[in-house]
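Per Swiss-Prot, these features apply:
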TRANSMEM  25-45  transmembrane segment
DOMAIN    73-287  domain 'TLC'
TRANSMEM  82-102  transmembrane segment
TRANSMEM  128-148  transmembrane segment
TRANSMEM  154-174  transmembrane segment
TRANSMEM  213-233  transmembrane segment
TRANSMEM  258-278  transmembrane segment
MOD_RES   Ser298  phosphoserine
MOD_RES   Ser300  phosphoserine
Amino acid sequence: MGLLESVKSINWEHESSPVYQDFRVLPLFAVFFPSIRFLLDRFVFEKLAKYLIYGKHRQDMGDDTTERKKKIRKFKESAWKCVYYLSAEILALSVTYNEPWFMNTKYFWVGPGDQTWPDQQTKLKLKLLYMFVAGFYTYSIFALVFWETRRSDFGVSMGHHIATLILIVLSYVCSFSRVGSVVLALHDASDVFLEVGKMSKYSGAERIASFSFILFVLSWIILRLIYYPFWILWSTSYEVVLELDKDKHPIEGPIYYYMFNTLLYCLLVLHIYWWVLMYRMLVKQIQDRGKLSEDVRSDSEGEDEHED
């Protein structure tokens, strides 16, 4: 039986309780990402970056300037992130789109049957999504130190990766994975447009970069500033209280509730903060007649570069 047949034979609808022991497979996912990135860097991203950045002037490839080397390095980083965010988005949608809670947030907390939060079981396919994302952020912590371009927001990025990994693990064990999967889908969709825009900027495709930035801004507004607070946070703040059996969970129920809502509202604050930065960038783009300026959100470098 081949690998594809083995994967198809797995019952991805099987349900079981989420436990810390499930994360024993995390190292496998954490090793998977640098392996795939290394192969893509060497055989795809490097060639694609040089082709798009040098264009038809391939005779200049032997005369790399420092600026072009930086662009190639950053292009490869954005290409890798784009591949991850796109694959994570596809995986998140494939896991959630046919679930009742994809369209009705009430089912974050009830079902199937008489299951109610936090005593719900988790399907194997949802566990796979969580291991996939947790593996990526575990790898990202080490990549930020040893692989990525050193940027001026290194400390913020490291704190973000560590906090995200902790939130993923805790939300999994505390049965917030249904909400978590939708939150992941909301975020990854915007990030795909961001990375496409950055790759276009590095390769000089200003129109594509501007169009991607517009899509990024629109998706940010719709998904993170409208849907996230008025549907997701409303459900985690109000709907969950209606379903929680306070007699059965008099202590851990409120602890989970306040802990995760605090983190989720902090995420909303970050969304608003980044939106202010993007608004300034959008105004500058209009003033510059559509030319996209540097990415104020995540690409302001204090160039202590790391070689690939």
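Cβ coordinates are placed from backbone N, Cα and C, and glycine is handled just like the others.
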Sequence-distant contacts of the transmembrane segment (258-278), meaning Cβ under 8 Å and at least 6 residues beyond its ends, amount to 167, 170-171, 174, 176, 183, 216-217, 220-221, 224-225, 228-229, 232-233, 236-237, 296-297
Quick check: do the transmembrane segment (25-45) and the transmembrane segment (213-233) share at least 3 Cβ pairs under 8 Å, counting only pairs 6+ apart in sequence? no
Distant-in-sequence neighbours of the transmembrane segment (128-148), which means Cβ under 8 A and at least six residues beyond its ends: 12, 22-23, 25-26, 28-34, 37, 77, 84, 88, 91-92, 95, 154, 157-158, 161-162, 164-165, 168-169, 172, 177, 180-181, 184, 306, 308
